[in-house]
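Structure first, commentary second.
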Amino acid sequence: MFEVKMGSKMCMNASCGTTSTVEWKKGWPLRSGLLADLCYRCGSAYESSLFCEQFHKDQSGWRECYLCSKRLHCGCIASKVTIELMDYGGVGCSTCACCHQLNLNTRGENPGVFSRLPMKTLADRQHVNGESGGRNEGDLFSQPLVMGGDKREEFMPHRGFGKLMSPESTTTGHRLDAAGEMHESSPLQPSLNMGLAVNPFSPSFATEAVEGMKHISPSQSNMVHCSASNILQKPSRPAISTPPVASKSAQARIGRPPVEGRGRGHLLPRYWPKYTDKEVQQISGNLNLNIVPLFEKTLSASDAGRIGRLVLPKACAEAYFPPISQSEGIPLKIQDVRGREWTFQFRYWPNNNSRMYVLEGVTPCIQSMMLQAGDTVTFSRVDPGGKLIMGSRKAANAGDMQGCGLTNGTSTEDTSSSGVTENPPSINGSSCISLIPKELNGMPENLNSETNGGRIGDDPTRVKEKKRTRTIGAKNKRLLLHSEESMELRLTWEEAQDLLRPSPSVKPTIVVIEEQEIEEYDEPPVFGKRTIVTTKPSGEQERWATCDDCSKWRRLPVDALLSFKWTCIDNVWDVSRCSCSAPEESLKELENVLKVGREHKKRRTGESQAAKSQQEPCGLDALASAAVLGDTIGEPEVATTTRHPRHRAGCSCIVCIQPPSGKGRHKPTCGCTVCSTVKRRFKTLMMRRKKKQLERDVTAAEDKKKKDMELAESDKSKEEKEVNTARIDLNSDPYNKEDVEAVAVEKEESRKRAIGQCSGVVAQDASDVLGVTELEGEGKNVREEPRVSS
């Protein structure tokens, strides 16, 4: 049994309007961007392309397809995606229009507008306009291409050649309504060869055309009209006002909704195929097949990676691929544009009560096509036969793209399809356009020069529009100045002073200030050679330096001043070693020199660290350090981290207490600041747990004591009640004092026993409380000891 769904939805079919259905389906796209809600019956009819035949039989607007004579309902939003308005008038279904256009391109000719119209239609049109039937075709073309005999000009001033109706713009005084018909039949969806150059129906184009036609002779008018008609027939050719720089991208890719497939009305525009006529013709010619474009997908970084799977749009996969009911899927054979057949695994992954369709095993195919992230994979189908074809289209400026920077179907850059060689037509190669005056060009004179406003010598066909990109380099790791490798990069102030040398050509001026001689120079200092000074056992000092050419060590006087660039030739102090070919000093002396240099460096580094360690904190810094470090303030830091560079040394936050990466866990006997803090926290935590446990025990003891006291009182009251209600003992003498005293003593002893039991419980509880107090005191002493020691 089907469950009827009711709610606030209502079927958007005007002849239905139901609010309850078994299943709600999606229909035609609305102006708001959403899809119409249809009931199960209406939605099924819409998906089967039988909506108008079932619900709009008696409505007006029915016409026949120009090619297959199929009845089409024009002007209905439900059949909008299944109808194509032909360039030469009339309507056609999407399948016939696409196939007819491919056949025209295959023949390599583009017949005129009137040669493709039926003779009956042309004769009727001439009769209605009052034209004589004997007019030849040349007369028709000799008339100016005008529009405006239509009432739509009042409401659509931005369309048409409205100003061409003026008497100045006509040469024969006749009007041609065929151009108006051509304007009426402008396709709702642009054809495959429609370009994005200049709209010939724009008002600026029309105005400039009128002004230009005033200055040309009647003999040239026919040629101008011929070129204008050619522009209308072949919108894919570059427009006359398009500069040569944009000629390469004049044939832009415009997405067209698919003509077939289940739920094709649900496909988003970014998945619509964007083939050009040349690409389809090239692929069809290579494979000797009739190709029907289906959809395309821009590769993401994961699609082009080594994972080996291509994520497909859900609507496209369900519309054009075989239906699958199991998650494992089925093997699917797809052929590429070179004719090679690939076998992929077509499956889906459950995802939030939905499905994510993927093609697995696509890595070899993508690698053979040499695709990367940002390129586009296209899917087509062979008609007839239904075989799937997989093509590709590389993105322009692939080197400038970082990852997948393009969205699906929104690329405005020029692209090239694999296996397709596209040669954009040159503007200068058209003989008709060359006869059009400059006024029709619509470009300023400075941009209409031979160099197009550019530099002389530049080839305008090779000039490309540069894309503004920002090169993002690899992330540089932060230089850790405290590492052992970077220690060698440190330079103390004394070493920097040793590198500064006075200019050798300048003599100093000696000034005495407070009995101290100071040398003053007029020229700035120069950088000298870095050397090592050693001391002999006799106390004599020597200077050692390396040659920049042979890297050999040379012994020099201690007062020698070397330039920044020093070689053995400059060694004027030792004639035997003034050449790079001279042997070096003994190895033993060199080892001593290098050892002295390393010890000197280490000693200076140790002195600087000792000076830093001697700087004890004071004031608030000392209190903060004592609170954090405790009694380990003087110990060196063992496990430092650079995760929080602004944190104080010894910070015990959750980030800084983590051990450094790659060094593992600390030993149990580790006494660093982090481990001490963790141990102290653990000890405090255990003391708190023990204290809480003792408190719970005391509470339980008090509750038990109360219960015992209540029980004793109940027993006592019961005994008193029994005594009061007891029978008279005939064997006892009420006036016998001994019997009365014995009964009283027995009662007193029972009362004392009850009191003694209660006092024992209280004493035990008091001892427990005393133990808790002692533990608290110990914890307090443990916390106060680090502060006292600090």
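A Cβ is built for glycine as well, from the same backbone N, Cα and C atoms used for every other residue.
Marked as DNA-binding region by Swiss-Prot on the basis of sequence analysis: 295-396.
Summarising the annotation, Swiss-Prot assigns Zn(2+) binding site to Cys547, Cys550, Cys568, Cys580. For the recorded site, Cys550 (Zn(2+) binding site), the DSSP three-state label reads coil. A C-beta separation below 8 Å, combined with a sequence spacing of at least six in one chain, links Cys550 (Zn(2+) binding site) to Thr567, Cys568, Cys580.
Annotation comment: Swiss-Prot describes 685-732 as coiled coil.
For 405-429, the entry in Swiss-Prot reads compositional bias 'Polar residues'.
Taken from Swiss-Prot, the feature compositional bias 'Basic and acidic residues' applies to 694-724.
The region 'Disordered' annotation in Swiss-Prot covers 234-260 (among others).
Positions annotated as region 'Disordered' by Swiss-Prot: 400-429 (among others).
Annotation comment: Swiss-Prot describes 446-468 (among others) as region 'Disordered'.
Residues annotated as region 'Disordered' in Swiss-Prot: 689-737 (among others).
Annotation comment: Swiss-Prot describes 538-588 as zinc finger.
Within 8 Å of the centroid of the Cβ atoms of Cys547, Cys550, Cys568, Cys580, where the record puts Zn(2+), the same chain has further Cβ atoms from Asp548, Asp549, Ser551, Lys552, Arg554, Thr567, Ile569, Ser579, Ala582. In this structure, the binding-site residues under consideration are Cys568, Cys580, and the one with the smallest number of other Cβ atoms within 10 Å of its Cβ is Cys580.
Of all the Cβ atoms in the protein chains shown, 21 others lie within 10 Å of the Cβ of Cys547 (Zn(2+) binding site).
For the recorded site, Cys568 (Zn(2+) binding site), the DSSP three-state label reads helix.
With DSSP classes pooled into helix, strand and coil, the tally for the compositional bias 'Basic and acidic residues' (694-724) is 31 helix, 0 strand, 0 coil.
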